[in-house]
Each structure stands twice: as C-alpha cells, then as structure tokens.
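Trainee: The following block contains the structure, expressed as structure tokens.
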Amino acid sequence: MQSDIYNPRRHVGIHAEHISNVSSNDFPGHYPDEDNSWNLDLFRKKLQVKVNKLSQRSIQFDLVGVDASIANAFRRILIAEVPTIAIEHVYVWDNTSVIQDEVLAQRIGLVPLNVDPSYFEFKSASQEQATDRNTLVFRLDVTCTRKPKAAAARGAKKAEPEPEEIYNHSLVTSGDLTWEPQGEQNEVFASNPPRPTNENIVLAKLRPGQALSMELHAIKGVGKEHAKWSPVATATYRLLPLVILNPEKPVPPQHAEKFQKCFSPGVIDIDPVTKAVSVNEENLRNETMSREVLRHKELEGCVALRRVRDFFIFHIESEGPYAPENLLPESIKILKQKISTIRSAAEQLQVEIEGEPAVEGDVEMAEA
Amino acid sequence: MTGATDDADEQWMQMNDTRWRGLGLTDPIKNIQDKWLLLPAFLKVKGLVKQHIDSFNYFVDVDIRNILKANNKVTSDVDPRFWLKYTDITVGFPDRTDPDAIDKSVTPHECRLRDTTYSAPIYVTIQYTRGKKIVKRPNVCIGRLPIMLRSNKCVLAGRSEAMLARMTECPLDPGGYFIVKGTEKVILVQEQLSKNRIIVEVDPVKQIVQASCTSSTHGGLKSKTYVVTKKGKIYLRHNSIAEDVPIAIALKALGIQSDKEILLLTAGTTEAYRSTFSQCLEEAAKLSIFTRHQALEFIGAKVKVNRKVVGPRRPAWEEALEALATIVLAHVTVKGVDLRPKAIFVGTMTRRVLMAMQDEKMVDDRDYVGNKRLELAGQLLALLFEDLFKTFNVTLKSGIDKVLKKPSRTTEFDAFNTMQFTGDLITSGFVRAISTGNWSLKRFKMDRAGVTHVLSRLSFISALGMMTRISSQFEKTRKVSGPRALQPSQWGMLCPSDTPEGEACGLVKNLALMTHITTDVDEEPIIRLAYLLGVEDISLATGTEIYSPGTFVVHVNGSIIGITRYATRFVYKFRKLRRAGKVNEFVGVYINHHQKTIHVASDGGRICRPMIIVENGKPRVTAEHIEMLKRGEVTFDWFLHEGLVEYLDVNEENDSHIALYESTIEPTTTHLEIEPFTILGAVAGLIPYPHHNQSPRNTYQCAMGKQAIGAIAYNQLNRIDTLLYLLVYPQQPMVKTKTIELVGYDKLPAGQNATVAVMSYSGYDIEDALILNRSSLDRGYGRCQVLRKYTTLIRRYPNGTFDRLADAPVENGQIHKKYDIIQPDGLAGVGERVDPGDVYINKQTPANSNDNSFTGQASAVSYKNSAMTYKSPIPGNIDKIMITDTDNDQTLIKVLIRQTRRPELGDKFSSRHGQKGVCGLIVNQEDMPFNDQGICPDTIMNPHGFPSRMTVGKMIELLAGKAGVLAGKLQYGTAFGGSKVEDMARILVENGFNYAGKDMLTSGITGEPHEAYTFFGPIYYQKLKHMVMDKMHARARGPRATLTRQPTEGRSREGGLRLGEMERDCLIGYGATQLLLERLMISSDKFEVNACEDCGLMGYNGWCTYCKSSKKMAQLTIPYAAKLLFQEMMAMNVVPRLILADAS
C-alpha cells in the first residue's frame, strides 16, 4: 500500500507556477486497453480510512481511495447539511446595554449548543406552533451591579481598575444562558442538560445599572440556511504531499541544508556524514508544499513535488454537539439519505418511461 | 603579488580620501533612529487641526482687541460732550443662556442634542459720560460669539480623556469646528493670493507685461495697483484713476521730479532697461509735464471722486494727492505727505516690469505656494466681528442720539441702558453667517457664499478630511490647468493625493500632516531688528544705491524698508536670532537672488512646516535628544526652543538645502526632513504602500475613504445625527501606517480585514464585482447600521393653543396595527420595531392653531392628527428618543430609528487602493474554494482589476497582511517605508507558505485542486455608504405631477424612469413608432380632447365654444403637455389651430 502512493497515475503535479493532472483518470476509456470500470471489490481493497489524531474537539484522518467528488461531498455535507440546534428567536424583554438588540441576537445565535439534534424535529414554517419537540427555551437574565466594598478592598492600587474587579456581571458570557425545560424535555435531557459547548464566549459587556432579560428559542437547522447551524468550525481536507528525489541528480552536499530548509521541519533528513538527503516518510505528510525548493536554481531538477489525488487528509473541528469522530458517519448517513431519495425518484422515473420497476443494484442504474 | 596588493591598497586609500558629497567611504552611515517620533510629539502639541484652533485663539486673544482699539469711541451728534469709550474686550467661556438655569456650564454635546449654539459672551469694559461724571463699567455683554471646539475658550481644552468622557465627548475628535443651532459647522480654509506683494506676469498673446500689487491694510481697505506696459510704454493703473497714468508722470506726482532721478529709481544703471524706459520719460515730456504740480493736476483730472459729503470742490491736484496718498498702494506707510516710500515702491514695480520685458523668465508664478496665503476661521470671524461691531456702534449711536434729542429728561441719561437695548445684533450676526455660510460684508466689499460647511460625520476620516480641506477662490468653470496642477512647491505642505475628481479637481486641496499656518506677528520689532542688523533706511537711498550690484533691498511683509550689502550675513544673523528664540519662530526670511531682495515675512496665512536644522553636515537633533523625547522628558516645543528644529515657510524652504534622508546630507545641507511620509495628508496617510501605486488610485482612495462606513467617534451612540452609518464589527487594519496611529484611525476604524482570494469565480465577478461568502456575512462581515433622525416640535401657538401627544386611539376595543408601538405618552417605545406605515410620534395639532382671533380655553379646542409615520420600505427599530426644549422654549422631540443591514447583492465595497466594486454574488461557504488549512475566502476579487490599475500596493498589503497574521503582529505599510516585501516573503516561507503569497486552493464545488495557484490573504476592505437598499427603485403606476400630468421624477417621489431624448432618437431611428407612441404619450400623459374641425380650437363635451356648434367636433388623443402648451400660447395671444386631416 505504501509504495502504491508512488504510482504516478495517482499523482497531482506541483510545479512552480501551475498544478497538473488535477482530475482523476480511473474511469473507463481513459487509458486504452484498460477497463477501469467501477468495481466494488477493487474499491473495497483500495478504500482506507485511518484516524491519525483525535482530540476532544477535532479529528484528523486519512480517507484513501475515493474520488475527489466523494470526499468533497462529505466536506460539503459537514459544513452545510448536518443539522444542529441554534438559537433562532430572541424575545427581548429588557436590554439596556450598549449593544443593540439585533446585534446581540446575532451574537447569541452563533453560540454553539451541546444538544443532540436527533431528539428534535425541524420547525418548518414560522407559524408552526413551538412544541417541546422542536424548540428549546433558554433565558438570559443578567444585571450588572457594583461589588460592595470592592473599592475599599482595592485600597490605593493602580489608577484604573479592571471592570471585573469592581462590578458583578460586567461580562455577559455564553455561560449565563440558562435552560428552561419544556414539556418532557426535563426527562429527555436529564443526563446532559442543554448548555453552550463553550461557556466563555463573550456576548455583551455591562456596566452598573444595565441589564439584559430575554427569552431565547433554539430550533433545529442546517448550515446551508445560516452558518450558526454548521456543526463544524472547519471541515477540510488536503491531498497527501509527496517529495520525490531525483536519483539522476542528487542534491549537492553543500546545498543539503538549504534543501532541508525548503521543506517543513522533519520532512527531509540529512545524513550527518555523507550529507546525502532523504525523505522522511513518517513526517512527509507535514509538508506544506510551499514550493520554496523550486525557487532555487542550484536545486533545480533534484526533486519533484507531487500530491496523491485520492489520498485525502481530512481535518474536522467539531464545534457543536457531535463528538468529532461521529461527524463523518453523520455525513455518510445524510449522503445515503440523499442517494436513496434520488434512487427512488429515478426508479419512479423509470417506471414512468418503461412501465416496469428496475431490477435492482447500482450497476444497472448506471447503464440505465 | 605584493605589488598588486599595494596597488589595490593605494587605490583604496585614494578612494577613501576622496569625499563624495563630503563623506568618505569608511565614514559611518549616520542615522538618527526613530526621528519620526518628532511627528507624534508635534501632533501632541499642535493636534491635527492646529491651524484652525491657533487662528481662532489668535482672534479671540489678540485680534479682537485690535479691532476694538480701532473702533473704540462712540460719540453723539446731538450732545458734543457725550462720549463712550471701549477700553477692554474679553471673550468669556461658553455658558447656558436659559435665564433660570442654576448650573450655567454647558457642554458641546448638549448643544448638539438641543439644537442650540455653543457660544460664549463677549464682554467689554466701557467708560462713558453720565451727566458730568465719567462712569466705568466692566463686563458689559455686547453679544455672543460661537466658540470653536477645543480652542482655548472651549470647555474641552486641556481636558483628560476621563473628563471628556464625562462630557460625552470623543477624545479623538479633533475639534476646530463650531456648533451653531445644533449643527456642526466648519469654516473651510480659503486660499488667496498673498497681499502687499508684487506679482509680475506676462500675457504672451497681447505682449503685455504687468506688475500688480493688492494692498490690504488692517482697516480692511483693499485695492489693486498695476504697473503695465502698453505699446512699449509703462503706465500706472488703478481702479480709482479713470485712465492709465504714464509712469513718469505718476512718479513725478509722487515727488520724484527730476528725470534723472526717475530713471535711476526705475531702470537703475542697467543700459538695457534705460533704453526701454526712455520713451516713458519722453511721453511725460511730450505731454509737457515737468513739475510735481503739473503731474498732480494731470492725475487729478482723472481721479474718480466718490465723496459722500458735498463740500466745496477741491482743486484737482488735491484730489490727486489724496488718492495717491491713501488709495493707491494703501499698504505703503506714508508719513505726512512724504510720498517717497511709495515712489520707491512704484519704482520697484516698474523695474520688475522692465526686467520681465527684457527677460521672460523674470516673472512670478501665481500658483507658487509661496505666493499664496490661507485665510482661516479666525481671520474670517475677525472681519465679521469688525463689521458687526461697527454696525453695533452705529445702532448704539443712533439710539443714544434719539434719547439725547429729547429736550427734557426725568432721569439722567445712562448710555448703558441704551446699550442693553441695542439687541443681539452681534449674536445673530455670527449665528446667521456661520449657519448660512454667507459672508456678505458690504463694508469690506466682501460677498462670499459657501464659506462654511456642515461637518461631514460619515466616518471619522471624512470629518478629519474636512478639517484639513482648503478651498480655492478660483472659479471652477474656467478651463485653466495652472491653478489645478500639482505645484512642486507644495511638497510637504499640501497633500499631493487628496483632491476631488471632476470640476473641483486641484482647486480643493488638503493640508499635509505637519503643515502649520502662521498667524500675524507684529512687524514693528522686526523692522527695528532689521535696522539693528545693518539695514540702511530706504528713504536715505537713491536709485544708484538701490540697484548697485551687491546691494539687496530688504522687504518686510512686502513693504520696502531698506537696503543692505551683506545679504547672506543679514539672513544668517536673523535666522540665528530666530533659532535663539529672540524673534518669533514663524517669521520667515529669505533671499531672492534674481531680484536681489531679502524678504522678511511675518504675516498670517503662510504655510510652513518644521524641519530639523543641519549644521556643518550634522543634524542638530541627535539620538540622545530622541531618547529624551522617548522618555517623555521633553516636548516638541523644547526642540523648537533649543534651536534643533525650526519652521520654514514655502519661500524660505526654497532658499534652503533640505536633505530627505540623513544619508544624503551634503556639506551645503541646511535642513533635514523629519519624515518623508509627512508630504501626505491625514486621508492619504491611510493608504498602505501608496508609493507602489499608480498615483490616481491614491486620489480615488482619498475620495472613497471618506465614504467608508465604520466607527465615527467614541460618543457615536450618544449622538443623534440626521444620518449616521456605523459598522457593527469594525477592525483595525492588519497593515497599518504610522499616519493611522497618529490620527487614531486604529481606534476608530472603518473597515474589516477580509480574507481575499484573487481569482475568477462564476462570471458574476466581471467589471470589479466581488463575490462574498455567505457564512462570513452570517458571522457579521460587512454588517452595518443606519441611524436616521426624525424631529418634531411640540409647539405653542400665539393664540394660546398648543400641540399635544396622545395615546393610541382605541377603535372597538382594539388598537389599530399602525399604532401598536405607541405608548401612553404618545411616543413609540424604545427598542420597538417600526414597520413601514407605523406611527412613532402620535402628535396632534389644534384645529385652530392659526386662528389668531381665538380667545377661548386652550384645553377645549378640538385637535386633528398630525402623527409622524415611518416611511422607509424596510422596518427599523427605535434606537432612542430625546425630549428637550430649545432656546426659545419649544419642546423638541428627536427620534432615532435604526436599521441593521447585512450586505446584499449590489452593495459597494472598496479596498484602500481606489479599487471599488459591488457585490455580484453571494456564495455558500461550502462552494467557496479553500486552501490546505481549510480557510475559505470572505471575498473573491477578479484578477483583471490589477493589470490596468497597477495597484501594486494592494498586492504588497496582502503579502504583509498575510505575514502579519502568521507572525501574530501588525505590519506597517507606511509611505516610503514600511515592512519590506523581502521580510514578508521570509515570514511566509518560515511558516510553510509560498513566498509569493500564492496558495494551492481546492475547488469547493468539484473538490479537485485548482490548476493555478491563487494569491490569497487578508486585505482591508471598506464598506461604502452606497447600498442598493437606498437606491433600488422601479414603478409601474404612480404619482403624477399636477401641472403636466406626467409621471413624477426621482426615487423619493416614486417617480418614473425617463425615456430621454437620446433613447427617443434610437426609437425614431429604429422606426418603432408604436413603441414611441406608447412611451411618450399613452404611458405618460395621454389626454382626450375635443377639437373643432372648422376652427381648429379645442372645445369640451363635444361643443366648440368658438364656433358655438357641436357639428364638427372630433375627439383626439394628445399629450397633456401639448394641450397645456396650446393653452399657454393662447394666453399670450397666439392661436394654435389643430388642422384635422382624416377625422372620421
């Protein structure tokens, strides 16, 4: 498998001023006398998913052996179509802060909540009644006051005190949102009460005498509609970088260090004795492809930069209720749903045209 | 081998010995680190609008006293024993005028909100006779003077930031404007030709050489005197003399009788001048005028007399003498009837004409900045005050006369009482002049409109830009390029970039960052000093001495005071004294080698700027001084006082040798620039890397920077302006300039750092259109607020009735939807949403408010609704409501309604490089391309914007911005300096990016990599105030104008879209007759008329009133405008007849 990535057919060429071979070529008719038609067994053999890094809020994994369109579909679904819960309706009872109602509402809307959207239904039209199955209610009631005896405690310290020292609630953060259970929500969310995933997001600043009092209704939505419903901070991929040394023209020993500096740290090893350079396969994926090496005349022809077209290094940062490792499965679920929608529609179309239902399977579909 | 090295050594030694510009090869490269720190020090002392404030302070502290002194006595025609004298005048501090106020202190912000005038009383001390006693009364208020903000009479002067905050005033606001009736008014700087100086010009077409001099004395009298050539002969021309006077006769009349002396005084000993001048002498002889008396008689016959008092007619020579002594060249001081100084002045003018006749190059340049003077608020107010004060005194005098005329009085006459009743002439005069901008002072032959402007508060920069603006008196319509062109002499004084496009291009200018404008300095001590420094009195000199080689004539403010033979020494000593602080630092002195003159200037309105003094090839400011400055031990004034830095005006700058950088100092260098980027003004200073841009782009940005939406002031949320644009999340630019920090743009920014991909996307980005990322907009990019003020007065009417506010009317137990936000006090609740058509002030007016005969109970009258309804098509929110009362006790209600807008298709954006564009498409984030880090652009810009515009600065901004993001710090794009591209590229490479800033992007649509690398990084983008929401307009049917019945015009009247002449031509050319008919008549103003086939006149209802018959009436459709035309013609006794051919 490892050597397989050096198959030039899988390579995207990285040149000084352009990129070559960006499109895939493993389809029938591209190479003469080769079949290359889609084959489930081959696909199973080639497909590989390997998690490299997993943390509380992010995941990095390799997705190998799929077409760019598939990888991109996952990325797009993650950004735009995986549902989450976010605050949509804000009922302001009181807002005497300097920040305007609309602006505050927009800020509150962008606060990610830890609620699993599968408990909820989409609240389609705005006239639909809010129920405990489609709406989550939060309250934001904050009043800023002076801390009693704060001035005395400070004594004769520096001239300008920090607002936190002398006022209560001078900062309104996402932690100040309080959940108000409705209907049977109390039981459903007993183990994991709804709250923001991050309690330290500053929503507004207050001074003594200013107060906020508002009711917030969170509903289910998708990132397509508004960025606040996107479950990810970023979902992206890059192609595996390759540095291929030219055996015909080795890097001159006097330029070895310069050569090394042209790449990300750890990508190039230098033999301490012979000053011969070699590519560190382990760290190769850290290469950022700055193409710095292509700038230098003395290093010309020593190296070829490539990327592997079907080797996607995915990086997903979760910012919603989903654990990072659950995001890809979630997107696959949605993709499958979409496919089944299309399939049923296609079948219906076929019935309309030919008057009989399709036999089954994808291959027949492709022929049809 | 050794020989070769020896050779090389020797060569090296030789090279080292050679001095290049006074420096050896091994000399260390001198450099004062951070000498630019002088600039913030300068601004700290002077502020950004020091010219306005200095000028106003000078008026209030000095000039107002001089004016009083010149008009200090009021006498009576009735009682010769009566007199009233003003002995002192002071301007107090702004206070409240409400009579019952306990706290008299007032803040400018209160005046803004309450629509009052921020003014202070003018107090005089008077002495006058009461009966037989002399009474003295101090602190008599004669009127109120609007006070310039941050001047030394303003309550804001010298206050700390915390104190300003308490007064709800922004510490970054530069001041320098007035608040009159609640509006902020700026008196723009006016550019004029310098007074009392000789200007020689040549008309190449008419072959005329003329020397002119506009005299201006403190009394305000202005007159222009010319010495012109006519057919090779020279004449003196003046408005008050009907005909041109041959110059020899004029000089004779001025007391130079002998021809020899005249020749010496004009042509001197130069043979060429003598021969040219000879025919002038001949002319006098031909007219047989030899003596002074004859000359005076000759002139006297031509003097235009305009005397009010009809007395006995004076002989001609007396008239001539008076004209010559007082009107011609009025600024030259004449003691008694000794006209010799004036004769010498005329002689000098004549000589300049002779010089220009010989050598075309000896002319002056009108557009040279050294020949310009800037007139500021102080001077204009001084003129206004003098005029008003004189009027005040005249009114006072007539008032006193009226009382004194009465034969018997019960009490002793006290002039003070009359004074109290003279009215608020001065107060209203000031308010009227400043609020209308009309300076029409008959007394000084001045009639100017548009002197003041409303301070533009569109953005912080627009307000600042307005304060540095200079308007020219030049006509905008004249097609001349000279006054509009960039003058080399405006280097460092006036911004080369900041000028509007179009008709005012080059006529409206802006001050550069370090420019200072002088105020008047008393010239008396300077003249005395000049004599002490070895200048010989001019009246002792004859032409021979004046024009002998090696002699320099000394002018002080244009008047000739003497001659010296040691010009360099005189100037050197004079400057030495100035640097030592013995002479005012704003007195300029320079040698004009072409004219062999030394000019000392102490008049106001000269443009000058500070520079580091260089002595013996070394700058006097050293690194130690800068260290002291950094530690805060010294201020800019200390540098001035120590003679390390001095001010140079344009003329003196031209006489100096100024090094731009320390490394370029030569032995002859006299000064060193403080920082080269100070040639730009405050507005152009915002542009990063402007020296890499094509120059018009910088000019475009200067215009657009003023339209950018951003933060306006720290008190922006307390202001209630007619229209206020605010950005919700303003950011300071990633790539700053030093100017940005100095003016405070980083604290009140107008824009956001957008991540930009320079690539083509979708075709909706052609012609500079931008693609925006929808998710960025969701997150708040480009979001702005528009706050609009709506005012109303709750009036009291003369008949005792008054307006009232009422609760929402209840109909069948329900409140109508349009009243749903009205609260019991009749006003909408703060924070409520206002939908189109909603009432936000439920005001009611009495039905009989104009009925002055009404005497009943005011509470019993019936009321009619006059509610204020919200008309904008987009809902808004009530931001705040203010209830107060104005000066004249009317209740004033101001409602501020806010709209929050998210960018939409067609909104206008611009970078800081004159590259504007509208939003062409909003794209979902998932469709946007992304780089290896997963970053999506906020904005996509088409690369075709670059080649023809050549805004390389924008590219460098992107590079520096990207490097700054990666390094975690702000970068600088200061003009002629800033972060270097090489360093930026290094930072990029160190962080694993391509050195050129080009990233590999992946398409968000296909998921495949792009085949090209994309220039990708942050660029500061401004949102401009032009938004589609305010502009979009269409109409199918709608209102029509009453007179013509054609559709109305303009968006505000829901007007139609005109099919104009050229469009009509197209349709005619195409032959689309039915379309023409439809557009021009049917859809516009079609009208059915009845016309008589017999008489061709229009009738009605099938009846011809002319023929008294209904037989041959035909109906036809014509435009209403045509029918109107016929009737109007008939009203003028022209009969248009309709000849109907195929009426059936």
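Every residue gets a Cβ built from N, Cα and C, even glycine.
Caution: TrEMBL annotation is automatic and unverified by curators.
As annotated by TrEMBL, domain 'RNA polymerase beta subunit protrusion' applies to B:47-415. Residues or ranges marked as domain 'RNA polymerase Rpb2' by TrEMBL: B:195-375, B:454-517, B:554-615, B:636-668, B:1055-1140. Sequence annotations record features per position, and here TrEMBL assigns domain 'DNA-directed RNA polymerase subunit 2 hybrid-binding' to B:683-1053.
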Trainee: Same chain, outside the domain 'RNA polymerase Rpb2' (B:636-668) by at least 6, Cβ under 8 Å from its Cβ: which residues?
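Mentor: Sequence-remote neighbours of the domain 'RNA polymerase Rpb2' (B:636-668) are 21-22, 29-32, 35, 38, 41-42, 44-46, 368-370, 372, 489, 492-493, 516, 518, 575, 578-581, 585-586, 588-591, 599, 601, 606-614, 617-621, 625, 629, 674, 676.
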Trainee: Where DSSP helix means H, G or I and strand means E or B, what are the helix, strand and coil counts for the domain 'RNA polymerase Rpb2' (B:636-668)?
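Mentor: Tallied per class, the domain 'RNA polymerase Rpb2' (B:636-668) gives 14 helix, 7 strand, 12 coil.
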Trainee: What are the helix, strand and coil residue counts for the domain 'RNA polymerase Rpb2' (B:454-517) according to DSSP?
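Mentor: DSSP composition of the domain 'RNA polymerase Rpb2' (B:454-517): 17 helix, 11 strand, 36 coil.
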Trainee: Work out, from DSSP, the number of helix, strand and coil residues along the domain 'RNA polymerase Rpb2' (B:1055-1140).
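Mentor: Going by DSSP assignments, the domain 'RNA polymerase Rpb2' (B:1055-1140) contains 32 helix, 21 strand, 33 coil.
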Trainee: How many helix, strand and coil residues does the domain 'RNA polymerase Rpb2' (B:554-615) contain under DSSP?
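Mentor: Looking at the domain 'RNA polymerase Rpb2' (B:554-615) with DSSP, the answer is 13 helix, 28 strand, 21 coil.
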